[in-house]
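**Student:** Sharing a structure here in structure tokens format.
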Amino acid sequence: LLLQRSREAKAAAYCPYSRFAVGAALLTAGGQIFSGCNVENACYSLGVCAERTAIQKAVSEGHTSFKAMAIASDREDDFIVPCGACRQVMREFGRDWDVYLTKPDGTYILKRLEELLPLSFGPEDLGK
């Protein structure tokens, strides 16, 4: 279901400049799913990725504990991976959750967030 919801979110992507549609679906610890798509802007740096959109939607509804995220794109040759900024935003909410990296044909690989962002910096490091 999570992979399907990420593909559905991709359909809503606003990407007139890159034409690189991405969708993400985030599973909370409570079992709810929040989806997001990338939203570009003519001022390129103001765009936001699908992964961060899904996280911001979940947080705005009071959810900060996550189990998994699936990410979808139209890349056929490689699995879609989150950018560095998204990895750091994901890390804000823990390092031990699953990330499904997919291809349009439905195949996927499963990674733990800590594999995607090793030796990471998080909220607990601020008190040191």
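Backbone N, Cα and C define each Cβ position, glycine as well.
Where the annotation comes from TrEMBL, it is an automatic prediction and has not been curated.
Copying in the features that TrEMBL gives for the protein in this structure:
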- GLU51: active site, proton donor (ACT_SITE)
- ASN38, VAL39, GLU40, ASN41, ALA42, CYS43, TYR44: substrate binding site (BINDING)
- CYS49, CYS83, CYS86: Zn(2+) binding site (BINDING)
- 1-124: domain 'CMP/dCMP-type deaminase' (DOMAIN)
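Walk me through the surroundings of each of these features.
**Tutor:** Residue environment of GLU51 (active site, proton donor) contains 27 other Cβ atoms, counted within 10 Å of its Cβ in all protein chains.
Cβ neighbour count for TYR44 (substrate binding site) (all protein chains, 10 Å cutoff from its Cβ): 9.
Of all Cβ atoms in the shown protein chains, 12 besides its own fall within 10 Å of the Cβ of CYS83 (Zn(2+) binding site).
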**Student:** Looking only at Cβ atoms, how many others are within 10 Å of the one on CYS49 (Zn(2+) binding site)?
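**Tutor:** Result for CYS49 (Zn(2+) binding site): 21 other Cβ atoms within 10 Å.
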**Student:** So which of the binding-site residues is most packed in, judged by how many other Cβ atoms lie within 10 Å of its Cβ, out of VAL39, ALA42, CYS43, CYS86?
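**Tutor:** When each Cβ's neighbours within 10 Å are tallied, CYS86 leads.
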